[in-house]
Amino acid sequence: MPASEDRRGKWKRKKRGGLSAARKPKQEEEDMEEEDEENNNNNNEEMDDVENADELQQNGGATPDPGLGIGEVVEDSGSRISDFPAVVKRVVIRPHASVMAVVAAERAGLIGETRGQGSLPALENISFGQLQALSTVPADSLDLERSDGSSSAYVISPPPIMDGEGVVKRFGDLVHVLPMHSDWFAPNTVDRLERQVVPQFFSGKSPNHTPESYMEFRNAIVSKYVENPEKTLTISDCQGLVDGVDIEDFARVFRFLDHWGIINYCATAQSHPGPLRDVSDVREDTNGEVNVPSAALTSIDSLIKFDKPNCRHKGGEVYSSLPSLDGDSPDLDIRIREHLCDSHCNHCSRPLPTVYFQSQKKGDILLCCDCFHHGRFVVGHSCLDFVRVDPMKFYGDQDGDNWTDQETLLLLEAVELYNENWVQIADHVGSKSKAQCILHFLRLPVEDGLLDNVEVSGVTNTENPTNGYDHKGTDSNGDLPGYSEQGSDTEIKLPFVKSPNPVMALVAFLASAVGPRVAASCAHESLSVLSEDDRMKSEGMQGKEASLLDGENQQQDGAHKTSSQNGAEAQTPLPQDKVMAAFRAGLSAAATKAKLFADHEEREIQRLSANIVNHQLKRMELKLKQFAEIETLLMKECEQVEKTRQRFSAERARMLSARFGSPGGISPQTNNLQGMSLSTGGNNINSLMHQQHQQQQASATSQPSIIPGFSNNPQVQAQMHFMARQQQQQQQQQQQQQQAFSFGPRLPLNAIQTNAGSTASPNVMFGNNQLNNPAAAGAASINQPSFSHPMVRSSTGSGSGSGLGLN
C-alpha cells in the first residue's frame, strides 16, 4: 500500500505539471477543483486506474491522455503532396484527444481488455460520407509515387448508384450495356478515375507501364466479358489473356471494372463479396457476455467497395434477340432501343424524346430538350458542347433531301391550304422542317416543265404540196427535221441552225453579246420578213371580203370560209425557207446596224483624241507662261542682288578709308593712295604709309611760316567741322541719286573704289598739314568737290595761294 500511495502521488504531481503548461488559467482552476473532488471521493478508483495503466505500459501499451477536450494542433506551413485530390502534409504537434482514446482502445483490445470501448467517439469522413479508416490499410492501397520520392494516399469515393435499364454502347462490333453511373467509360479513352487506380501507367517512369498497354489489357477484359455477358467473369478466366502485365495490376484493374459495373453487370449469377473484415461486429467479453460496439471501425475497403448495382434486364433478355452481332446489321441500334426502352437523359434520367441533344466532347452524354433549354448541363459542359440530334433522320436522310411522293403531295396540299405560312406547312408534312419544306418547294419544277413529257395522241403530220416540205415536229435533240439534208447542200454555215427556234436563239445571243439596239434591229428585221406574207394575205383577204359584200348569203359563206381558212393557216407551221430568210435578214440587219454604230464610235474616238491633243497643248502653254513669269521674277531678284552688292562694296571702301585716316589729319593724297591701293590690289600699303608719314613731317616743319597760330584758332576749327558734315550729306545724296537711276553697264571695282576714296574722307578737313601746306591743299582741292555754303569763307591772313578752295 505505501508503494501504491507513493506512485499515486507521483502521478498527481506529473498530472498537475503537464496541465499547468498546456491549459489556460481558467482551465487550470477547473482541473484543480476536479482533482480535489477526485482526491476526496474517488481515491480507490484512481488507484485502480493507475494500476491498470501500469499494467498496460508493461505489456507495451500507452497511457491514454485524460484531457479529452484538447483539440488537435498542427503547423501552419505544410507541403503539397497531391494535386488531385488536393492534399497538404502538415506536422501534427499534438493529436486530438479522441484519436488518442481510439488508439488506446485498440491497443487495449489487442491484450484482451474491452472496457471503455462503448464510449468511444464515432469518427466520420466529412469529405466522402464514409467511416474513417484508422488502423487497417490493405496491401493494395492507392499510392501515387511523386517525383521527389514521396507518396500520397488518397481514396476514390463510390459513385451514386442509379437504378435503371442501363446505358447501351458499342464496343467494336458488339453491344455493351453499362450502369447509369458508369456512363463515363469509353473504349478509346481513359477517364480520370482510371488514372487514379493505376497511376503508374501514366507517370511515364517505366517503359512497360504506358497508357496504351493499360488500354490494351483493359479492353481485353471487357471484350472477354462482352463475348458472354450472361456468365460472371472472374480473374481466373482472364489468365493468359494479355502477356507482360503484372498480376497485381491486372487484379486491381479487374476489381475496379467489377466495382463500377463495367463487367458482370448483366451476369445471371453475380457474386460480389462485401467488404473484408478482420473482426466481427459481434464481440464476446471475458465474462462471456456478447455485445455490439456502437462505432465499429471499418477498413479502407469501405471507401472503394460499394454495393453492386442491379440490372433490370438479364443478359439473356438483352442479347438473345441478337444472334449475329456484326456491323452489317443496319437496325442493330433500333432493336437495342426497343429492348432497353431507349436512352435516358444524363441529368434527369428520364427517357429521351424524339429530339435530344448530344455532347461533342463525349458522345455518350445525352440531354433532353427540357434540361438543355433550362441550362441543366453535365459537369464540364456548356451549351456550345451539345448538338441537336433527330433520330428520325439519324439512319436515313441527313439533310432532308430525300422526299417521297407522299411527302411531296402533302407539301403541295399544305401550300394550297396555308399559302405562305411555312410553320403550318411543316406541321402538315410532319417529317420535314420548315427550311426543308421551303427548299424542296423551290426545287420543284414548274408546270411547263411537267407538261413537256406529256404525250398528246391524235396529232398527225401534214404535208404542204405547194413547196414540197414535210412539216414535222422537232426531234429529240431539238433539230428541225428535213433541214439536215438541205443544210448539207448549202455552203453558208449559219449559227444556231440546230436549235428549235434559230431566230429567237440568235436574238437572245445578240442581246447578251452586243448592244440592245443591235439586237432590236435584228429582231425587227426578222419579224418583218416573217410577217411579209401575212400582210400580203391579209390584204388579199380584205379585197375578197369587199367583193363578197354584194349578197348576204355570199357574205355569210365568205365569212365562214375566211374564219376556217384563218384557223387552218394559224395551225400550219412556217416553212423552213422562210425561217432561214428571216434568219439571214436578222443577221444582215444586225451587221448593218453594228457597222453604223462602229463608224459612229470611230468618229467619236477621233473627236475625243483631238480634244485630248488640244487640252495637252493648252496645258503646255500654261506651263511655258508660268516659266516666263518665273524668269522675270528671277531677273528682278538678280538686279536687287546686284544693287545690294554694289552698296556693300561702297560701304566697305568707305569703312576702310575711315579706318586708315582716323589717327589724325590724313591728306587727300593719302586717300588717293589708299583708293589706288584698294583698286589695284598690287601696291604695298606699308610703303605708302611710310611716304605719307615723311610728307607729314615735312609739312609740319613749314606750317608756322605759312599760317601762324591757325591750329589754335577755334573759329577755323568750327568751320572745318561744319564743312566735313556738309561733305558727308552731299555724298549720301549722290548715292541715293545713283540708286534711283536704273543700272547701266557694270563698272569695274577699281573705279568705284577710286571715287569713293577721293570723296569719302571726312577727316581731311581736320589735317593741319593741309592748312599749312599749299601744295597739299591744292592737290586736295582738285579731288574734293567745291562747297557753296554761304557761311563758308576764307579766314583772315590767308592769301589766294592758300589752296583751300573754299568759296
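Keep in mind that glycine also has a Cβ here, set from the backbone N, Cα and C atoms.
Annotation source Swiss-Prot lists Zn(2+) binding site at Cys345, Cys348, Cys368, Cys371, citing sequence analysis. Close to Cys371 (Zn(2+) binding site) in the fold, though at least 6 residues off in sequence, lie Cys345, His347, Cys348, Phe377, each with a CB less than 8 Å from its CB.
Under the heading compositional bias 'Acidic residues', Swiss-Prot lists 28-54.
Summarising the annotation, Swiss-Prot assigns compositional bias 'Polar residues' to 458-467 (among others).
The compositional bias 'Polar residues' annotation in Swiss-Prot covers 552-569 (among others).
Among the features that Swiss-Prot reports, compositional bias 'Low complexity' is placed at 692-703 (among others).
Residues or ranges marked as compositional bias 'Low complexity' by Swiss-Prot: 726-739 (among others).
Here Swiss-Prot flags 176-274 as domain 'SWIRM', drawing on sequence analysis.
Residues or ranges marked as domain 'SANT' by Swiss-Prot on the basis of sequence analysis: 398-449.
The region 'Disordered' annotation in Swiss-Prot covers 1-74 (among others).
Annotated region 'Disordered' per Swiss-Prot: 458-487 (among others), in sequence order.
Under the heading region 'Disordered', Swiss-Prot lists 549-571 (among others).
Taken from Swiss-Prot, the feature region 'Disordered' applies to 692-713 (among others).
According to Swiss-Prot, the region 'Disordered' annotation covers 721-740 (among others).
The region 'Disordered' feature in Swiss-Prot is assigned to 781-807 (among others).
Shown for the zinc finger (340-394): DSSP residue counts in helix, strand and coil, namely 12 helix, 12 strand, 31 coil. Among the features that Swiss-Prot reports, zinc finger is placed at 340-394, with the record citing sequence analysis.
Counting residues of the domain 'SWIRM' (176-274) by DSSP class, helix then strand then coil, yields 45 helix, 3 strand, 51 coil. For the binding-site residues given as Cys345, Cys348, Cys368, the lowest number of other CB atoms within 10 Å of the residue's CB is seen at Cys348. Along the domain 'SWIRM' (176-274), the predicted structure has mean pLDDT 82. Compute the center of the Cβ atoms of Cys345, Cys348, Cys368, Cys371, which mark the site for Zn(2+); besides them, the chain residues with Cβ within 8 Å of that center are His344, Asn346, His347, Ser349, Arg350, Leu352, Leu367, Cys369, Asp370, Phe372, Arg376.
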